[in-house]
Structure formats: C-alpha cells, structure tokens
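TrEMBL annotations:
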{"type": "REGION", "residues": "1-22", "note": "region 'Disordered'"}
{"type": "COMPBIAS", "residues": "10-21", "note": "compositional bias 'Polar residues'"}
{"type": "BINDING", "residues": "V109, T110, V111, R117, R118, G119, I120, L121, R122, S145, E146", "note": "acetyl-CoA binding site"}
{"type": "ACT_SITE", "residues": "Y150", "note": "active site, proton donor"}
{"type": "DOMAIN", "residues": "207-327", "note": "domain 'Eis-like acetyltransferase'"}
{"type": "DOMAIN", "residues": "331-445", "note": "domain 'Enhanced intracellular survival protein'"}
{"type": "ACT_SITE", "residues": "F448", "note": "active site, proton acceptor"}
Amino acid sequence: MKQDAAVASGLSSGLRTTSFAPENDDARTANWLEAVNLGFHEQRGDPKHLPAEVDACQRDGRILTAVYDDTAPDSALDPAVPVATYATMVNSLNVGGGRLLPAHLVTAVTVRPTHRRRGILRSMITSDLQRAKEAGLALAGLTASEATIYGRFGFGAATSTAEIRLDTRGGLGFTSGTTGSMAVADSAKLRFLAPDIYRAHLERTNGAVGRQHRYWMRASAAWSEESFEPDKALRGVLHYNAKGVPDGYAAYKSLGWRTEPHTVKVTDLVAASDDAYRELWRYLGSMDLVDRLTFDAAPVADPLPWMLADRRRYQVTSVDDVLWLRILDTRAALEARHYTGAGSVVLTVRDPLGMADGVWQLDVEGGSGSARPVEAGAVQDGTVHEGTMHEGTVAAEIDVAALGSLYLGGVSAPTLAAAGGIRGSQAALEVLDALFTAGPAPYCSTHF
Ligand SMILES: CC(=O)SCCNC(=O)CCNC(=O)[C@H](O)C(C)(C)COP(=O)(O)OP(=O)(O)OC[C@H]1O[C@@H](n2cnc3c(N)ncnc32)[C@H](O)[C@@H]1OP(=O)(O)O
C-alpha cells in the first residue's frame with residue numbers, strides 16, 4: 001500500500017514532508033532507515049539486511065514520515081536522505097481487566113542535528129496526533145529517548161520497569177514447589193512460539209502493549225540486540241503448563257567468563273501465567289557456574305522477591321519509565337478502561353493542544369465507566385455548582401499529561417496532585433485513587 005500525504009503544516013520553506021508505507025526495493029525506504037541510523041548514532045545499514053528490515057516494518061504496519069530538505073549544499077548527504085523521520089503503527093494496549101484498546105504508537109523520531117530546534121518535531125507530532133484522533137484512536141503511546149521531550153505534547157509517563165540483579169551463588173531457593181515442566185528451547189522454534197505466548201501475556205497484563213516483529217527475531221537469536229546478525233550467545237528456555245502447553249519463555253546469555261562475578265543477562269522474559277513466571281526464574285536461578293543474573297525489564301511490583309527463600313538476593317538497581325501515554329479522545333479513553341472500584345467524579349481535563357480538553361462526569365460501576373459531557377458552566381473554580389444534575393459529585397481538574405500517567409494506575413492521584421498535575425479536594429483524590437489505581441500495577445516490558 002502506498003500512502004503519500006503532504007503534511008507540510010508548520011514547516012519552514014524549503015522543507016517537504018511525505019508519509020508512506022515501506023516497500024521492498026524502494027530507495028525511499030532505504031534512505032529513511034539510513035536517516036534513523038544517523039539520528040540515533042547507529043552504524044550505517046548493511047544493504048544485505050535491508051529486505052529483512054523492510055519486512056519487519058511491514059509486519060509491524062509502520063507508516064513512515066520523512067521530511068526532506070532539497071536545498072542541501074554540494075558534498076552534503078544526498079537530499080534523498082530525510083532530515084527528519086517519524087513512524088507510527090497501531091497495536092493493542094491492555095487497559096485492565098483483559099480489555100485491549102488499539103493505541104497509536106509513535107516511534108523512530110529523529111531530526112538531523114543541523115535542523116534541530118526549528119519546530120520540525122512539533123510540526124510532525126501535532127499534525128500526526130490530530131490525524132490519529134480523527135481516525136478514531138483514543139490514545140497515543142511512545143517510549144522516550146529522553147524524559148524532557150514529550151510532556152509538552154501531552155504525554156505522561158504511565159509505566160515503569162525495574163532493572164534487577166540477583167545473587168545466585170549456590171542457587172536460588174524458592175518457597176513453593178514446582179509446577180509444569182521446563183525445556184531448553186530450540187531457538188528456531190521459539191521464534192514461532194513466542195508471539196502466541198506473548199499474546200497470552202498481553203491479554204492478562206495491565207499496561208502490556210502488542211510487540212513488534214523484532215522481538216521474536218531477538219528472542220530466537222536470529223537477530224542480536226545490536227544488529228541484524230544472529231546472536232550466537234543467546235539461549236532460550238520454555239515453560240510448559242500441566243497440560244503441556246508452552247506458557248512462558250526467557251532468553252538469556254552469559255556475559256562471558258571474564259565477567260566478575262560470572263553474570264548471565266536475561267534479555268527477555270515473558271510469562272502468561274504466575275506458574276510460568278516462578279518456574280522461569282527457578283530455572284534461571286538454579287544454573288550451575290552462574291553467580292549473578294541481571295534483567296532490565298522486571299515489573300516494579302515484582303512477585304520475584306516474595307517467592308525467594310532469601311529475598312535479599314534480589315536488588316533493584318534502577319527504575320525507568322517505559323510507556324508514555326497521550327489521551328486523544330478523553331471520553332473514549334475513559335470508557336475503554338477497566339475499573340476496579342465504584343464511584344463518580346467530575347473531571348475537567350486541560351490540554352494545551354486542545355485535543356482532549358473538556359469536562360466529563362465519570363460514573364463507574366461493575367468494572368465499566370461511562371463519561372458524560374458536563375454542560376458549560378456547571379463546574380467553576382473546581383467545584384460543581386448547586387442546582388445542576390452533577391450536584392454532590394466530587395470534582396477535580398487534571399492536566400492531560402497527568403491523565404496519561406494516571407490512566408493505567410501506575411501512579412496515585414495524591415502523588416500527581418502533590419506534583420501539581422491534578423487539582424481537587426481530598427475527597428476527589430480518594431475517588432480517583434479508588435477508580436484508577438486500586439487494580440494491578442501496570443507492566444509494559446516492550447520498548448518500541
Ligand atoms: C518516540 C521516539 O522516537 S523517542 C526518540 C527521540 N529522538 C531522539 O532522541 C534522537 C535525537 N534527537 C533528535 O532527533 C531531536 O533533537 C528531537 C527529535 C528530540 C527534537 O526535534 P526538534 O525538531 O529539534 O524539536 P522541535 O524544534 O520541534 O522542539 C519542540 C519543543 O521540544 C523541545 N525539545 C526538543 N528536543 C528536546 C530535548 N531533547 N530535550 C528537551 N526539550 C526538547 C524544544 O525546545 C521545543 O520546546 P518548545 O516548543 O516548548 O519551546
């Protein structure tokens with residue numbers, strides 16, 4: 001599919017923008033990928049890997065946006081290589097209670113150093129978010145290279161993961177007995193099992209997002225984390241449940257005998273059941289000749305230390321944000337989510353980009369919410385006027401980025417209020433907390 005669209009709004013003269021679906025044997029796609037390598041300080045691409053890269057983009061359903069500067073001087077990089085890149089795709093986000101919502105995912109954002117801070121990103125992202133909203137998507141998401149970039153565009157950090165370190169000398173002891181069985185994986189076969197296992201994990205995990213093709217290629221060692229070459233050091237392991245169905249996998253590799261203490265890095269671990277999660281760690285923690293395990297994408301609310309005979313073997317070395325969310329359609333987003341508690345709140349959403357702002361009464365019962373627009377003037381100075389149909393309902397005002405952070409329950413309403421992103425009475429904060437943060441903590445182990 002070819003999807004050209006001139007979206008030159010807000011760009012300075014001399015620049016032009018095109019959006020397109022990637023195609024094989026397409027110099028435009030090759031140049032776009034080259035610009036991404038330049039923007040992220042990666043090595044130049046190898047032409048022999050281009051078909052596989054394009055195939056991955058196509059499987060992900062990526063739409064690529066390029067900004068060109070035709071006025072490049074002699075000896076400058078070919079003007080066919082874009083000065084800015086931006087890509088989008090749609091994938092599922094688990095918004096609690098097993099509900100999957102299509103989310104507009106933004107990735108591969110680069111602006112060449114010679115063209116930075118002239119508003120190119122602002123132009124690309126504001127027009128793109130508007131189009132995504134018009135296309136009916138309630139939420140946009142991204143994983144950010146720097147935490148300082150996307151708040152101004154209404155994104156809030158919604159999930160985090162922990163980088164952990166485990167002391168496995170002599171083997172880890174567990175407090176419960178084993179379930180199911182384990183097998184070292186045939187990596188080539190893991191490539192085809194991993195998507196189904198991940199799908200089952202996605203369906204049960206609040207905050208998980210559908211994965212890109214590269215994840216299966218990496219879990220199966222077909223691609224390394226750094227390149228499109230095989231990773232010869234990577235091993236895989238599978239957990240089978242009592243019925244013999246694979247319901248979890250991990251990928252791991254030794255960092256080499258010269259590392260002191262000898263360390264195995266877990267590069268991916270996906271469990272579609274609590275049993276699988278326990279057994280994968282039991283396997284990893286019982287390997288001989290290994291002194292330390294590391295994993296940089298553990299849940300913040302990790303059950304792992306609670307299953308260990310010696311919880312001090314487990315250490316969190318850092319916590320980093322993963323998924324950033326941007327509400328595009330407030331009513332649709334509020335009604336899509338699963339809720340744990342029950343209650344009502346009048347919510348005034350402030351959005352500097354004018355996409356999500358307005359006033360809604362959110363009523364929650366039986367796990368579902370309905371968001372009715374509130375008539376103009378019914379809320380003033382943060383309180384509901386007497387004599388309106390909303391009288392007696394607590395009210396709060398929230399910035400759109402704070403709503404993105406609150407949406408999956410990754411941070412409490414009082415914490416966001418203390419930070420200034422929510423303004424409301426104590427009673428309103430309590431209702432927001434009961435509705436948004438009482439369920440399981442969100443966990444997204446996918447970067448895109
Ligand atoms: C989802 C992802 O792909 S995350 C990856 C983001 N990309 C990278 O980190 C690659 C290296 N960086 C870059 O390519 C560029 O610097 C970009 C894409 C981050 C920014 O592009 P630019 O075109 O320079 O941004 P633009 O001029 O539109 O700036 C818009 C606003 O963001 C601010 N901004 C832009 N980049 C940054 C930054 N790195 N840190 C803090 N603020 C920033 C600008 O100051 C400006 O603020 P204002 O409008 O409120 O005054």
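Glycine is treated like the rest: Cβ placed from N, Cα and C.
Annotated features, which come from TrEMBL, shown on the structure.
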residue: V109; record: acetyl-CoA binding site; DSSP class: strand
residue: R118; record: acetyl-CoA binding site; DSSP class: coil
residue: E146; record: acetyl-CoA binding site; DSSP class: coil
residue: F448; record: active site, proton acceptor; DSSP class: coil
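Within the set V109, T110, V111, R117, R118, G119, I120, L121, R122, S145, E146 that the record links to acetyl-CoA, no two Cα atoms are more than 19 Å apart, and one pair reaches that distance. Checking the recorded positions V111, I120, Y150 for a CB within less than 6 Å of any atom of ligand 1 leaves V111, I120, listed in sequence order. Note on the domain 'Eis-like acetyltransferase' (207-327): DSSP counts are 25 helix, 46 strand, 50 coil. Long-range Cβ contacts of the compositional bias 'Polar residues' (10-21) within its own chain (Cβ-Cβ under 8 Å, at least 6 residues beyond either end) map to 1-4, 28-29, 58, 62-71, 83, 118-120, 122-124, 126-127. Non-local neighbourhood of V109 (acetyl-CoA binding site): T85, Y86, A87, L121, M124, I125, L142, each in the same chain, at least six residues away, with C-beta under 8 Å from its C-beta. V111 (acetyl-CoA binding site) counts 21 other C-beta atoms within 10 Å of its own C-beta, drawing on all protein chains shown. Look at the compositional bias 'Polar residues' (10-21): DSSP puts its residues at 0 helix, 6 strand, 6 coil. Each residue contributes its Cα atom, and for R122 (acetyl-CoA binding site) and F448 (active site, proton acceptor) those atoms are 20 Å apart. Cβ neighbours of the residue listed as 'active site, proton donor' (same chain, under 8 Å, six or more residues apart in sequence): L142, A144, W324, R326. Reported as a whole number, the C-alpha separation between E146 (acetyl-CoA binding site) and F448 (active site, proton acceptor) equals 14 Å.
Using Cα positions, the member of the binding-site residues V111, R118, I120 nearest to the residue listed as 'active site, proton acceptor' is identified as V111.
Counting only residues at least six positions away in the same chain, the Cβ atoms of L11, L15, V67, V83, A84, V111 sit under 8 Å from the Cβ of I120 (acetyl-CoA binding site). Around R122 (acetyl-CoA binding site), taking its Cβ as the centre, 14 other Cβ atoms fall within 10 Å, counting all chains. Once Cβ contacts within 10 Å are tallied over all protein chains shown, the recorded positions E146, F448 are led by F448.
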